[in-house]
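Okay, so here's the structure we're looking at.
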Amino acid sequence: MERGDREPLVRKSSSSYRTFPESTARRLDKEYLRSLHNKRLYLAVFAAVLGNFSFGFALVYPSPVIPALEAHPSPALRLDQHTASWFGSVFTLGAAAGGLSTMLLNDCLGRKLSIMFSALPSVLGYALLAGAQGLWMLLLGRVLTGYAGGVTSASIPVYISEISHPGVRGMLGACPQIMAVLGSLVLYALGKYLWLVLDWRWLAVAGEVPVLAMTLLLCFMPNSPRFLLSQGKEEEALGSLCWLRGEDTDYAREYEQIKDSVRKQSRRVSCAELKDPFLYKPILIAGGMRFLQQLSGVTCILVYLQPIFKKTSVILKPEYDAALVGLVRLSAVAIAAVSMDKAGRKILLFVSAGVMLASNLTMGLYAHFMPASHNGTVANTTLVSSANLPAGPTNYITLIPLLATMFFIMGYAMGWGPITWLLMSEILPLKARGVASGLCVVVSWLTAFTLTRFFLPVVNAFGLEVPFLFFAVISAGDILFTGCCVPETKGRSLEQIEAFFRTGRRSFLR
């Protein structure tokens, strides 16, 4: 469609947008959603979430690798309890640095280019891990892959929310979590079967593949229309929306809604504006959710999954348990993706927190009451060293930690995993979205670093029950936070959500 053909349609839609009665506008919105072609939108989302696949792959990389490095013949690469905790936790420190830099990258480069930029530290980090000759190369590789993960975790949800429409935004908003889970599951599978014929270093080489595929595909995808409008690139924004929605749809009306929203907001946030509830409320809600999400213990459990299972002497081999938990996690995220736009965000958050509470409490009580009689010789060993010991006599009661962990991961993946990322990108106002999303990621990964760094020392000093009972208390706090602070955004455009925080009128969310 030529520019001359577009402009009358845009002006007409702009007038219609401002003058239609509310009931007529809602009917037109529903008709418009039914007319959209989503194939290109799905392709753009797939290209972006390959970054999350790499993120999930890199996050749980230590789970199968730590046991191999503990037994490595070279002293330069051999891990002990202290170095293993750093190897597992330093990734999150890099992710926090990535989130911090994204506060600048998201608004300077844009969402798409920020995601593409993450490929550089990711490729370099995997190369260092694959060719590591000393501990410093292992740690630097983890920091760089973590940095890339921090950039993608702050940029991809924002990019997806800004190119999606309300009819599928919930489903597509769960895709980053689905791909992260799939990346973790592939890592567990490769960790089990690749070593039969190849060295552990090839796990890092395999991590390069999705990064390169993401970069190649994103070269052909459009940037976010909202970002382009915030940069004054109106023609590019209209072309981007046309590509995403289809040329034969009334995309110009949506374009005018987005344009009106962007026009009301200045490009930069001043310190005085931070006192405005329109800004600080969504930022506090998004940051609080990221903080509580990590305090629930999910990163610790994923990073140290195989050693935890070895210490609790579950009836199956730890590597099989890890893969089984990964499958459960993937299924739960898929269920959340399908039901998010039907059941709503808040109900899934309540269910998710309730399941996590019960699971963490079960795991904590099991570790407290059962260590001596059912964990055999590993009961009095450290968590890391127990990964190399043969399992003691087992009993079917040792299925309890496996089932508790499976239900925890299932609960997390149904709500507090994908919805936290989705709500962060939905409720943050456009003028602060780039900076605030980076800030939320910094909060998230600094919290994750603290927990993963001290998880092993706490377990070895006080027992496995202490962190899990702490995680149970946090899960109870998740329920209260959801009820008191989190708005329901199902089926609402980003402009309607902004109007709610600007005016405080819940009618915008009904």
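A Cβ is built for glycine as well, from the same backbone N, Cα and C atoms used for every other residue.
What you are looking at is a predicted structure, and each value in this text was computed from that prediction instead of being measured.
Going by TrEMBL, these are the annotated features:
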- 41-63: transmembrane segment (TRANSMEM)
- 44-490: domain 'Major facilitator superfamily (MFS) profile' (DOMAIN)
- 83-105: transmembrane segment (TRANSMEM)
- 117-138: transmembrane segment (TRANSMEM)
- 172-190: transmembrane segment (TRANSMEM)
- 202-221: transmembrane segment (TRANSMEM)
- 291-309: transmembrane segment (TRANSMEM)
- 347-369: transmembrane segment (TRANSMEM)
- 396-423: transmembrane segment (TRANSMEM)
- 435-456: transmembrane segment (TRANSMEM)
- 468-486: transmembrane segment (TRANSMEM)
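A contact between the transmembrane segment (83-105) and the transmembrane segment (291-309) is present, since 3 or more of their C-beta pairs, 6 or more residues apart, lie under 8 Å. Outside the transmembrane segment (117-138) by six or more residues, the chain places 51, 54, 58, 61, 69, 76-77, 79, 83, 87, 98, 105, 109, 144-149, 151-152, 155, 201-202, 204-205, 207-208, 211-212, 214-215 with a CB less than 8 A from a CB of the stretch. Regional average pLDDT for the domain 'Major facilitator superfamily (MFS) profile' (44-490) in the model is 81.
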